[in-house]
């Protein structure tokens, strides 16, 4: 999955606009997310492992907020021969176009339906696996429970939700410590102080992280029988919930 180097915030802006998943971001997204999200590669690989365990024959798999298709590709490699259909959705035309190119580079018997649309408008049905990989944090807090309710209703019994999110911690010292470690991670990956500062300003109004307790309480209240964090590095985590 090719990507140009992310230097979108390398020059100073008089006014930093809100972050958008536009063509400029899509062109550097693979580099951006791997240099910004600790453990991203491990998460993508394990999504494939979990798909191998939970994808049921003759069911659907949903990748909600698929971006360039990394999770979809990881899943598709691991579910051959099960007559599954993957439905990959993103509201960015630029992401969908590049996702289609990435998927076309690999031959597979597992079909992928690519949809450019709002994940809040998609009816989940006959799903054995649903993936929200750093997607829900960009929805308004009011929309999150409705989305998860739709997912819960569309999952088959024993179906799996994979939810990866940046976390917020109410304990101020924990929050500041993990935030500092994340900033050090970005510095170690070549981002300058200017890039870090401007990217943070750009995301400030569009990404609203929840606490781990908020995630768990919301998921359990909808009826999911089991919940666990399977991965965490600093203030980034990936969770699983079983219907």
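First residue shown is number 1, and so on along the chain.
From the backbone N, Cα and C atoms, a Cβ is placed for every residue, glycine too.
Site annotation (Swiss-Prot, ligand S-adenosyl-L-methionine) includes 65, 66, 67, 90, 91, 118, 119, 133, 200; from 40, 106, 152, the additional listed residue is 40.
Sequence-distant neighbours of residue 133 (S-adenosyl-L-methionine binding site) (same chain, 6+ apart, CB under 8 A from its CB) are 43, 44, 47, 63, 65, 70, 71, 162, 164, 238.
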